[in-house]
Ligand code: 1GP
């Protein structure tokens, strides 16, 4: 797979619409995390994305873009992750925006840089759930069905259990990891301490840390070591 995605255990997700000092960014990029993912659910523009990419590029850490706005597709990232929100009620987020983007760029895309993420949004209060009108009240059977859909039917390299803003149900996460044939399970949501990072890393393949970067940088940085040491 690309960029040794299959070896990533820890990823920081940075939001181009939020402020981050140079010092904080340096500590994140030198933290030993496996990759920095740029993305957000609102306020993402070409300008703030290009600006953040340029700042991250001072460091060697792999840097990938999670695409949510066509206008904010900035060339120069190592990979482009394309979310397919499986439980979106609004089809725009399943195939609609993808169709628009492919109409425009389909013929000139470098497919080796594209990775699809089968997204399952599980926190109904998150911005991502609101934006996509996600049906987040799912039982485990539903979640398993979506996970198999992404893994087996659509062959997405990544299944993403997105609890953004809250710490999820680790039993469910572990269950889903166990049924995936080839996809990697990314977990994101509420990992704001080394303890939670350890729990998440025992349940998913890859742990994504977002909000904590902006709320408590020291704790966020401590998740890297916690994940690496518990592998
Ligand atoms: C958000 O999954 C990521 O897209 C991480 O979630 O911001 O809650 O850490 P948090």
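Quick reminder: no glycine exception, Cβ is built from N, Cα and C everywhere.
Per TrEMBL, sn-glycerol 1-phosphate binding site is recorded for 13, 160, 161, 162, 163, 164, 165, 190, 210, 211. Under the three-state DSSP scheme, residue 161 (sn-glycerol 1-phosphate binding site) falls in the strand class.
Residues near residue 41 (Mg(2+) binding site) in space but far in sequence (CB under 8 A, at least 6 apart, same chain), listed by position: 68, 126, 127, 128, 131, 164. Residues or ranges marked as Mg(2+) binding site by TrEMBL: 15, 41.
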- Query: Quick one: which of the binding-site residues (13, 161, 163, 165) have their CB closer than 6 Å to ligand 1?
  - Reply: 13, 165
- Item | Among the sn-glycerol 1-phosphate-binding set 13, 160, 161, 162, 163, 164, 165, 190, 210, 211, as the record gives it, the longest Cα-Cα distance in Å | 17
- Item | Coarse DSSP state, helix versus strand versus coil, of residue 210 (sn-glycerol 1-phosphate binding site) | coil
- Item | Among 165, 210 [binding-site residues], residue with fewest other Cβ within 10 Å | 165
